Amino acid sequence: MQTPLIDLQDIRKSYGGGDTPEVHVLRGIDLSIHAGEFVAIVGASGSGKSTLMNILGCLDRPTSGEYRFAGENVAGLDTDELAWLRREAFGFVFQGYHLIPSGSAQENVEMPAIYAGIPAAERHARAAALLERLGLASRTGNRPHQLSGGQQQRVSIARALMNGGHIILADEPTGALDSHSGKEVMALLDELASQGHVVILITHDREVAARAKRIIEISDGLIIRDSAKEDPTVQASTNPGALQAVDLRKRLSEGSEASGAWKGELVDAVQAAWRVMWINRFRTALTLLGIIIGVASVVVMLAVGEGSKRQVMAQMGAFGSNIIYLSGAAPNPRTPPGIVTLDEVAALASLPQITRIMPVNGAEAGVRFGNLDHMSYIGGNDTNFPEIFNWPVVEGSYFTEADERNGAAVAVIGKKVRDKLLKDVSNPIGQYILIENVPFQVVGVLAGKGASSGDQDSDNRIAIPYSAASVRLFGTHNPEYVVIAAADARKVHETEMAIEQLMLQLHNGKKDFELTNNAAMIQAEARTQNTLSLMLGSIAAISLLVGGIGVMNIMLMTVRERTREIGIRMATGARQRDILRQFLTEAVMLSVVGGIAGIGLALLVGGVLILSEVAVAFSLVAIAGAFACALITGVVFGFMPARKAARLDPVTALTSE
């Protein structure tokens, strides 16, 4: 005697237990079904026939008992192997059709083949042939809502046959159809049975059940009648279904992994994700808004921070990285700061490491021209100023050595002073301005340099002879600080050491002075700007986090709305990882689209800021980083909903509303 294709021994199924009453749905089912049989399982509502079908189709597991499929104990199969059985051995035909609403008839039929790893061209051709065979050649692109009930059920049958459909499990296939459509569906099932498919028909209608060769009656979870009209063993030996059984047994022994399936599944996941996003366009747009704003904020904030940093660094660097500043400082809080004298400046000038040295005597002071007033930094310098700071004069000329010796009341004004006080004067050279009510004649205008650090504006200064500043304005001959140009920018530290050694000698070993250099100041400013950029980016990242929470929220809602679709995919052979991939792909797709749109918005905002003369510097690293963060956000916040979807029970998912 040939081994039955399906063999159930003392199958029991109970629900509840613990705090809830235990309900026994199946109470010891013994059933054998051979290849090629057409079996009808008949019973009233609540008899346990649907539960039996779910166990037969590997959608559910029995509480106890033994289920052998092609001689293999199903209890020993893991979830992936059960999915393989559903995909390769079974084809489901449901009373409610259970088609995916967003997919066309062709796409619904192709679904089992996608999970089986069948190449796209082959599955397209096979699905089209099945639909043509069932009279739906002109309806391949129609969605379920565009089909009649009979047409939807035929699509469901075509889907059941896509991977061979060795065993057709039809649960009340005519229950939702009119009599004419019902007869057409039953005729199709008769035809499939005659071709060797095992057809298991679940119904409460005895007239429908009469079409089967074998009728099994079930009541209160027990088989009360099994009326086989022929010897099933004899039928199996002469029926073409025996060949299908041999093929199934062979493939089951070879393994359940479908080679190359992931490619088709990934493409299907992307296409399905795009369809869902398009169908729910408004909701998708609202979800994307959070990601778009988050990515755009991160990119723009970092671009503004980087632009500000580069601008400040360029302006500070314009003064030279070989510049050293010397000023008096207090050795401790209880003593007054030291004083740097002009004699010490002369002594320092003799050091070979120094090319130029310039004392500065300056302070903020009020400046007037006509009826206009302005606050500016007044710096008493010598004629080394343009060379030390690489700061040319664009109008007129710099004051001379003679002006310095004579304490001449002449001034070279910065660009901002020119714009504030002499904007309407075509030629400022020769004009007189009042500095602390002392008249000075403008002899030159410095080139623009911009802000050097923070709120300081280097262009808001006026250079006058050191002697004039000391006598006419400040009443002190000692410099406020000294500017020193090192001979070699690469040896600024060595130059500082030489200056410090000489100053300690001049001050009898007392370090009541301070040395700083432009390079150190630039590095300190760079650290400050980096911290500022990081702070701006962190603030912007919060909005990206909010966008991620929005993705999680929408995906949780999507899982709830599409629970039945998840059940359909599982019934057609999807593994848990396939469902996980499907919903994770949708979350990532949201993030990818949002990331791309966010980058586009950031570039647009950046363009507007540039037109508004705000320093902006986009970085490919920052853009790529923001996009990567959006992608990671999609994965992280989409994983929990996707895992929830993957862990759904197939039966529970299929019966959800």
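Using N, Cα and C of the backbone, Cβ positions are placed for all residues, glycine too.
Copied over from Swiss-Prot, here are the features:
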DOMAIN    6-245  domain 'ABC transporter'
BINDING   Gly43, Ala44, Ser45, Gly46, Ser47, Gly48, Lys49, Ser50  ATP binding site
TRANSMEM  285-305  transmembrane segment
TRANSMEM  539-559  transmembrane segment
TRANSMEM  590-610  transmembrane segment
TRANSMEM  620-640  transmembrane segment
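Annotated features, which come from Swiss-Prot, shown on the structure.
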residue: Gly43; record: ATP binding site; Cβ neighbours (10 Å): 23
residue: Ala44; record: ATP binding site; Cβ neighbours (10 Å): 12
residue: Ser45; record: ATP binding site; Cβ neighbours (10 Å): 7
residue: Gly46; record: ATP binding site; Cβ neighbours (10 Å): 12
residue: Ser47; record: ATP binding site; Cβ neighbours (10 Å): 21
residue: Gly48; record: ATP binding site; Cβ neighbours (10 Å): 23
residue: Lys49; record: ATP binding site; Cβ neighbours (10 Å): 25
residue: Ser50; record: ATP binding site; Cβ neighbours (10 Å): 20
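With Cβ pairs under 8 Å as the measure, the transmembrane segment (590-610) is packed most heavily against 285-305, out of 285-305, 539-559, 620-640. Within its own chain, the transmembrane segment (620-640) is flanked in space by residues 291, 294-295, 298-299, 302-303, 306, 541, 544-545, 547-549, 551-552, 555-556, 583-584, 586-592, 594-596, 598-599, 602, which lie at least six positions past its ends and keep a Cβ under 8 Å from the stretch. Long-range contacts of the transmembrane segment (285-305) within the same chain: residues 529, 532-533, 536-537, 539-541, 543-551, 554, 590-591, 593-595, 597-599, 601-603, 605-606, 609, 614-619, 622-623, 625-627, 629-630, 633, each at least 6 residues beyond the stretch ends and with a Cβ under 8 Å from a Cβ of the stretch. Within 8 A of the CB centroid of the ATP site residues Gly43, Ala44, Ser45, Gly46, Ser47, Gly48, Lys49, Ser50, the other residues of that chain are His204, Ile218, Ser219.
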